[in-house]
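Database features (Swiss-Prot):
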| type | residues | note |
| --- | --- | --- |
| DOMAIN | 53-201 | domain 'Tyrosine-protein phosphatase' |
| BINDING | 145, 146, 147, 148, 149, 150, 151, 152 | substrate binding site |
| ACT_SITE | 146 | active site, phosphocysteine intermediate |
């Protein structure tokens, strides 16, 4: 094993960040409507890459599994500075700040169960804020993980892209799914759909306010 590799094979799963950025569209369609759960699931299935331990889904933002999170050597070699554990707790991935205490890693834990009945939405904004704070500095790199890196962690990353990157749920799913095989459970999808509706409504209201202000300023 070379110095650039880890026992989980992290070396070969860090693509160039430039390849991850989505194509920029001219504005958001005024008639956009949040799709149903089945339509969203089809987006996940379409073109999803083969499952691996960890993938970069946005520049400096990675989704991974328990194996990745427990590999302290691999995390250090890869240069991770932040870890968001979406399966924090004794009966899930029991790491916590002490697990990384002798490493330059900032930890944030979310105690969540991968069940459709679990309300993960209460963690959307705190988790998104943690990710956003980490990505404000170019030298930082954050791992968001759960057990498999498919449902809980993916849901929180999707929420981040929607809240802080102004993406619709469809845009966020397409961004993540082209880089990693993920599939949030139906309950989490329902919560993301509700977040999508709220954010789209807020943006439309903000745009209407800007348009009204422009009209008032015209002679």
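Each residue, glycine too, has its Cβ placed from N, Cα and C.
Counted within 10 Å of its Cβ, the other Cβ atoms near residue 148 (substrate binding site) come to 20, all protein chains included. The Cβ of 150 has fewer other Cβ atoms within 10 Å than any other of the binding-site residues 145, 150, 152.
Counting other C-beta atoms within 10 Å of each candidate's C-beta, the binding-site residues 146, 147 are led by 146. For the substrate site, the Cβ centre of 145, 146, 147, 148, 149, 150, 151, 152 serves as reference, and the other residues of the chain with Cβ at most 8 Å from it are 63, 65, 66, 86, 87, 114, 153, 154. Each of the binding-site residues 149, 151 was assessed for Cβ neighbours inside 10 Å, and the highest tally belongs to 149.
The average pLDDT the prediction assigns to the domain 'Tyrosine-protein phosphatase' (53-201) is 97.
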